[in-house]
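Report on the structure given below.
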Amino acid sequence: MIERLQELHDEAMIKVAEAEDLNSLQQVRIAYLGKKGPITEVMKGMGKLSNEERPLVGAKANEVRQSLQRMIEEKEKAFEEAKVLKQLEEESIDVTLPGRPVTKGSRHPLTSVVETIEDVFIGMGFQVAEGPEVETDYYNFESLNLPKHHPARDMQDTFFVSSDLLMRTQTSPVQTRTMEKHQGKGPVKIICPGKVYRRDEDDATHSHQFMQIEGLLVDEGIRMSDLKGIFEAFVKSYFGEDREIRLRPSYFPFTEPSAELDISCAICGGSGCRTCKGTGWIEVLGSGMVHPNVLRMGGFDPEKYSGFAFGMGVERFAMLKYGIDDIRHFYTNDTRFLDQFKHE
Amino acid sequence: MLISYEWLKEYIDLSDVSPEELADKLTLHGVEVDAVTHLDAEISNLVVGEVISCEPHPDADKLKICEVNIGEEENVQIVCGAANVAQGQFVPVAKVGGRLPGGVKIKRAKLRGQVSEGMICSLQELGFEGKVVPKKYSEGIYAFPEEVIPGMDAVEVLGLRDTVLELDLTPNRSDCLSLLGVAYEAGAILDREVHVPEPKIVPAKEAAEDYVKVTVEAKDANPYYGATMIRDIHISESPLWLQTALMAAGVRPLNNVVDITNYVLLEYGQPLHAFDFDRFGSNEVVVRRAREEESMTTLDGEERTLSSSHLVITNGQAPTALAGVMGGATSEVEDDSVNILLEAAYFDPAVVRQAQRDLGIRSDSSIRFEKGVDPNRVVKAGERAASLIQQLAGGSVLSQPVEYDELNREEKELDITLDRINHSLGTSLSEEDTMNILERLKFDATVKNGTFSINVPTRRQDISIEPDIVEEVARLFGYDNIPVTLPNTPSTKGGLTAAQKQKRSVRRYLESCGLHEAVSYSLTTPQKEAAFEALSAPRVHVALPMSEERSSLRTTLLPHLLDALSHNRNRNLYNVSLYEIGSVFHTDADIVTEQPEEKTYLAGAFTGLWEEHAWQGEKKQVDFFVVKGILEGLLAELKADVAFEKAEQQGMHPGRTANVLVNGEVAGIIGQLHPVTAKEWSLPEVYVFELNLAGLLGKQEDVMRYQAIPRYPAIERDIALVVDKSVSAGTLERVIRENGGNLLADVRLFDLYEGEHVASDKKSVAFSLRYLDREKTLTDEDVAAVHEQVLEGLREETGAVLRA
């Protein structure tokens with residue numbers, strides 16, 4: 001019987017090897033290992049065997065069954081794996097095709113500049129103040145030491161609405177408005193971003209509407225050296241640690257002494273290039289110590305209080321920062337322009 | 001202001017200071033130099049030539065063949081096309097191999113068969129601007145007004161071995177509108193003396209008073225008038241040095257007398273005027289206010305209509321000059337003038353300024369008078385001019401000018417303490433340091449117990465209060481030398497207001513939705529707004545608009561956003577979504593005298609595809625509900641209680657427009673642009689929204705409280721309702737919510753169907769209702785009771801039946 005079992009084993013192994021798919025393998029299993037299969041038949045005749053022979057045949061029968069079982073399982077596994085591989089192959093995609101775009105809008109570069117500058121000054125304890133765009137002559141000019149017929153009014157060509165109302169030419173009127181609210185008590189620490197208007201023909205470097213950010217600090221004992229300190233902190237924070245600052249005397253009716261702030265040119269590092277017109281410096285803002293008349297008109301006692309003010313052009317900052325060469329781009333709203341700022 | 005470096009050297013020693021160094025120093029100390037131009041930078045091989053002969057070209061009508069002595073062994077032949085070239089002239093010649101401005105190289109050439117070795121030059125070819133070239137030479141070559149040795153360096157002779165500094169003066173520094181003023185400034189910076197010229201006049205015995213009388217009627221406007229009588233002069237072309245000095249300063253030479261008045265104007269900053277006395281019309285100068293509608297012809301040939309706010313010089317009858325602004329045509333000095341009256345006067349700045357503004361004239365005189373000239377230089381400038389006229393035009397200067405003189409020439413006195421200076425600047429200057437600076441400025445000052453008493457020279461009209469002195473000290477000490485400190489203020493809380501923060505979150509939200517932020521102009525034209533609001537509605541208008549397009553203030557943000565959509569569409573950018581936050585200006589008044597109401601509006605405009613994934617073939621056109629979804633999200637962000645109700649609005653699609661209600665009040669609109677309006681902008685389907693942010697921003701935000709996550713499961717029930725088409729989804733949802741009680745946690749519309757299996761006047765609307773009890777697990781019976789109530793409510797209020 002042992003030989004018979006061996007014969008069956010060998011015969012079945014050939015059939016397993018010949019099986020080409022899961023189905024034929026299953027048939028081999030049923031044929032040889034099923035309840036009606038030849039091995040079971042052989043085992044049924046074991047009762048007739050002697051006590052010595054029975055364990056030997058039993059062991060052989062188990063060995064044959066297990067061997068067959070193992071072979072079939074291995075072959076099955078191989079078929080499964082091949083099937084999965086085939087499926088994966090079929091599911092393969094071109095991973096270089098473009099992804100589904102997530103639409104993202106953009107922040108206008110002027111807004112970007114304003115918010116960044118606001119944040120720098122907020123960090124230094126300033127608050128953001130706002131004011132109307134249609135202003136009175138008083139706030140826009142007179143309270144800033146620019147009485148009617150003052151020659152310096154020519155520096156700013158004005159859109160008048162009536163004899164007393166105008167489109168503000170600067171964000172400085174917010175100074176007086178804020179000082180009034182403080183009722184003569186310092187400190188006042190504000191920056192005021194906003195739109196301003198001047199009678200200029202629009203071209204690459206002029207715009208009848210543009211944006212300014214005004215700053216004002218009034219308290220007891222404010223010195224011109226403090227203005228330098230604040231500017232140094234601002235410039236390093238906004239333009240970068242490696243930027244140097246320089247103050248130059250200038251003139252504004254609302255400040256005395258007055259100063260222009262220059263920063264070292266980022267393009268050439270100060271050696272002189274086209275951007276800085278060969279000077280190594282770029283003018284970024286106008287500033288000065290608040291004129292006593294302005295303090296007085298804002299309700300502050302110039303004998304007790306002093307302060308400084310500054311004003312900068314937002315477009316100019318944006319043009320410097322992004323290398324924009326035409327101011328009209330800011331107001332055309334061409335999406336090829338705007339879209340470039342969506343990661344700013 | 002153009003400053004010739006060589007001319008400036010007549011008043012201050014600059015032997016060890018290059019023009020560039022001087023420019024840097026001036027700029028850093030407060031007088032900005034915009035440009036430094038070396039006049040000879042592009043010129044080489046330019047010599048003086050003498051035209052020995054000048055013959056017509058045999059084969060060209062307009063050319064001449066000149067034999068020119070250029071100081072070399074052999075004369076050269078030059079073919080010249082200028083009409084004014086003539087034998088005997090001394091002319092600038094660019095030799096073969098020479099260079100001229102603009103990269104011109106001079107080569108040996110043949111012109112119509114004739115050899116030409118060099119070029120006789122016009123002043124324009126040497127780099128002078130056409131407007132400064134003497135009229136006589138403006139159409140041809142230049143000829144020196146005097147004999148010059150052939151072969152001499154013509155660059156030298158023409159004064160081109162010079163450098164011009166272009167000053168960009170701030171309005172307060174009118175003292176630097178003169179060479180002497182700049183010399184004082186340079187003197188203060190460099191700590192040097194300034195040499196003021198000493199006029200030398202040999203007066204004639206006759207007295208001017210015998211010839212002319214001066215009467216000033218407008219005393220307030222003309223505190224000083226001096227008339228110097230100069231007889232028997234000879235008008236001619238000015239000598240070369242004078243012509244070149246004027247041209248370097250940007251002034252066109254005319255004749256010796258006029259050139260001298262201009263020279264002294266540039267030198268002293270004091271405008272002067274010379275009248276041809278024989279054409280003056282009388283023996284009396286009367287200075288008075290002009291009469292209303294009085295007219296005169298100024299020497300530029302323009303007829304001017306004057307008013308009583310203008311000041312005129314008259315001959316007792318008619319105006320002969322517009323005081324301080326421009327002379328009159330009738331008494332202009334001309335080639336045949338013999339006797340002249342030289343005016344040196346002080347005119348009130350405001351009066352000159354008024355005339356300048358009213359008449360639109362800005363002359364070299366008026367820009368100086370309007371700032372206030374130095375009262376102590378008026379007479380001296382007159383003397384200086386008289387002496388030069390005597391020197392260059394001959395003639396006798398009659399003794400003593402005839403004067404009217406009520407001029408205040410006193411110096412301003414200012415006291416300031418050293419402490420004040422140091423406290424203002426954050427410096428620690430000593431008395432000595434400060435005194436040294438005041439001395440360099442040539443301010444007359446004394447110091448006692450830390451207080452400086454300063455007499456401010458009258459040439460510095462800009463200095464009147466303490467901070468002006470502080471600035472003078474600071475700028476000469478050097479702004480660079482001021483220390484860097486931080487303000488010693490109590491710490492302040494910086495930050496944004498609630499409204500400012502919310503405005504930022506609105507921007508962040510819309511950016512993340514895919515909208516680009518636009519910024520457009522506040523000035524617009526009512527025509528553009530007519531699509532949305534009656535043309536007749538009151539608006540804020542600009543008094544004197546520069547153009548119709550920018551003539552009034554916008555009352556809505558939409559038109560300019562539509563402009564932007566059009567702009568993009570014209571550039572083949574079809575899918576555009578924009579938003580803008582900005583002020584609009586509303587008024588009720590037809591004539592605006594009070595500040596209008598400025599409201600912060602938010603608007604959006606959309607056109608084209610909203611979503612697109614091209615290679616997968618997916619496309620979604622923007623529609624009402626895309627925009628509504630964005631707006632709902634935004635208003636949720638602002639924690640606003642919002643509702644939409646169908647509305648009609650000018651310019652909008654009547655069936656696709658809604659009012660946006662916030663807390664029951666209309667806060668804006670949303671909808672499709674009326675196709676007719678869209679067509680006006682050449683746009684296809686466009687959706688827009690506009691909101692007044694005023695009521696939405698600025699509320700103090702409540703602290704957000706967390707809500708426990710439900711521990712019990714919710715039960716969902718879907719219902720499909722068949723209702724009349726006229727029943728809105730909003731109504732159905734409201735009825736469901738009203739009847740759902742506490743257990744109804746959420747309602748979601750998930751299907752809308754019209755068509756087959758639904759009657760033609762009906763629609764099917766399907767909702768998913770979610771029931772939840774936070775306290776216990778809901779049973780089917782609990783839900784069934786409420787759900788039945790909901791269905792009952794729907795049936796009663798809307799006639800809805802469950803779809804089979």
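Using N, Cα and C of the backbone, Cβ positions are placed for all residues, glycine too.
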Pick from A:61-92, A:125-156: which range has coiled coil per TrEMBL? A:61-92
Under 8 Å Cβ-Cβ from the coiled coil (A:61-92), and at least six residues away from its ends along the same chain, one finds 5-6, 8-9, 12-13, 16, 19, 21-22, 25, 28-29, 32-33, 39, 42-43, 46
Can you tell me how many other Cβ atoms are located within 10 Å of the Cβ belonging to A:Glu256 (Mg(2+) binding site)? 25
Which state, by DSSP, holds A:Glu256 (Mg(2+) binding site): helix, strand or coil? strand
